[in-house]
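In TrEMBL this protein carries:
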ACT_SITE  H114  active site, proton donor
ACT_SITE  H167  active site, nucleophile
BINDING   R79, R161  substrate binding site
DOMAIN    53-187  domain 'Phosphatidic acid phosphatase type 2/haloperoxidase'
TRANSMEM  37-62  transmembrane segment
TRANSMEM  139-164  transmembrane segment
TRANSMEM  170-187  transmembrane segment
TRANSMEM  196-226  transmembrane segment
TRANSMEM  278-296  transmembrane segment
TRANSMEM  302-327  transmembrane segment
Amino acid sequence: MEVIHTKGIWMAEYLQQQTKNLEQFWLTITHFGDPQVGFLFVFPLTYFVCNRLGVAVLWVSALSEWLNLMLKWVLFGERPFWWVGECQLFVNTKPNISQFPCTCETGPGSPSGHSMVTAAVWWVVVPPLSSFLHSHTHCWVISAAPYLIYGLLLGAVGISRIFILAHFPHQVVTGIIAGIFLGIFLVRKVPEGRPLLFFVSFSAGMLFSALILNAGLQLVGIDLFWTVALAKKWCSRADWIRLDTVPLSSLARDCGTLLGLGMAQYWKQGGLSFNHRALSLAVSSVGLYLMYILPFPDKSQGLFYCLVFVKFTLVPLIVMVVSPGLVHVFTRKMKKD
């Protein structure tokens, strides 16, 4: 692995030197590849176009991120920004590389979560969009455009992760491949119309299986949080270390989302017109943005994870229940006036 990691460091150095003028572009792309984008952006956008498609996006977002966490805990992948300091291979010829505010993630590096979740989530959208374009244009060039954009997006997200020293190239490639296969498989298993008990059980199962894996590995002497200490040691700035990159944060996000999805499907509004859908999308976008920028106290990690769980439990409820309900009440009141 030393050879692969070393070549990955030199590739990151080459990218940073040759595309330095595109730094802001790569930072924007890496933010767009954040797994939270699937929950907070792709889900509401697709849900108000097609309810089943939106549920599929949320389902795939949660499961692909959870599976990525399990793989990371098992594969123990290094991250470039700390490996280059730990390996002691660059004593005489140190690479000229820089860190960025989004570099210092605290979980293991393999496979890339940004690449894996992005590949899985957007695969849910691409085939239906391609079919829609083909049915309306009967032009294979236009219908192939979503697949081309999909490939360019995955390539850009992967390069951005290498550029900021968050991942090695092989971690990006494995993340993309795993994400595509997950997207193809999970989109066939969308739990639309399932009872609330199904989602409660599934969410609890995900949580307890992760905690059991954690406890089991600790019993054999493996500390799953070894990466947090390395991230703190080698990150250029202490304030770049964020609790929302700790693996338990993504676990809380995924479990909360599935619980919220079950509750939302139980109470969701049905039969919305086009105007109601457009207004509901606008209202839910405002609500989700306010939730996204809401700061959480990070003094207590337990409290932080609980708040993340509650926050993402509310995401499906805001989109599927609260926003359409508010629009319905508002429009009914306008008609009466």
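Glycine is no exception: its Cβ is also placed from the backbone N, Cα and C atoms.
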Between R161 (substrate binding site) and H167 (active site, nucleophile): CA-CA distance (Å) = 6
Within the domain 'Phosphatidic acid phosphatase type 2/haloperoxidase' (53-187) only, compute the mean pLDDT.
-> 94
What DSSP reports for the domain 'Phosphatidic acid phosphatase type 2/haloperoxidase' (53-187) is 98 helix, 0 strand, 37 coil
Per the 3+ Cβ pairs under 8 Å rule, pairs at least 6 apart in sequence, do the transmembrane segment (170-187) and the transmembrane segment (196-226) touch?
-> no
Give the one range among 37-62, 139-164, 278-296 whose Cβ atoms make the most pairs under 8 Å with those of the transmembrane segment (302-327).
-> 278-296
CB neighbours of H114 (active site, proton donor) within 10 A?
-> 30
Near R79 (substrate binding site), which residues of its own chain have a C-beta under 8 A away, given they sit six or more steps off in sequence?
-> E105, P108, G109, L165, A166, H167, F168, T227, L230, A231
Integer Å value for the Cα distance linking R161 (substrate binding site) with H114 (active site, proton donor) is 8
If you draw a 10 Å sphere around the Cβ of R161 (substrate binding site), how many other Cβ atoms fall inside it, taking every protein chain shown into account?
-> 31
For the residue listed as 'active site, nucleophile', just count the other CB atoms lying within 10 A of its CB, please.
-> 32
